[in-house]
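Asks: Pasting a structure here, questions to come.
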Amino acid sequence: MAEIEAAQPAQVDVSKSSNDPAEGYEKKCIFCKIVNKEIGTELLHCDEEISCFRDIKPGAPHHYLIVPTKHVGNCKSLSKENVPLVKCMVETGKEILQKNNITDLNDVRFGFHWPPFCSVTHLHLHVLAPASQMSFMSRLFYRLNSYWFITADQLIELLNSKGDTN
């Protein structure tokens, strides 16, 4: 019996190290797999809070996805408490653009697909630049003032107003 108990803590320790990514990790989520390096996608940025990688179907010459490193649901699941996270995602997007020599932030689109129009339920910010070079279809998919796409500023405004109405 003592031998079995001695073996169990070692097993717990091993699973604990593999559980670190599991905290806030959805095993069926493609973005969780990317962030945890289970899929060979190049991470352009990765820290405890935010990760960034290129979109596999770019809508502009520079199209990046900024995601929370831990799994967070879509825009509708957010509250006023998530405003700092959304702002951090935008700032990370700006940093990635600057590292890629995009300095005209007036020709950039930062936004989210509004459920049910998002293909992955892990919160992700689309960063598209230059927006003026987006294709016709991309202009449709990432269209401002549409039912399916909301800018980061609009989302922040919406989340800030949530606290006022409660």
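Using the three backbone atoms N, Cα and C, a Cβ is placed for every residue, glycine included.
All annotation found in TrEMBL is predicted automatically rather than curated by experts.
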Asks: Between 22-26, 122-126, 132-136, which stretch does TrEMBL give the note motif 'Histidine triad motif'?
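Replies: Spelled out, TrEMBL records motif 'Histidine triad motif' over residues 122-126, not the other listed ranges.
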Asks: When TrEMBL marks a stretch as region 'Disordered', which of 1-21, 64-84 is it?
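Replies: From TrEMBL, the annotated region 'Disordered' range turns out to be 1-21.
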Asks: Could you count the residues of the motif 'Histidine triad motif' (122-126) that DSSP puts in helix, in strand and in coil?
Replies: 0 helix, 2 strand, 3 coil
Asks: Validating a neighbour-count step here. Other CB atoms within 10 A of the CB of HIS124 (active site, tele-AMP-histidine intermediate): how many?
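Replies: A count of 25.
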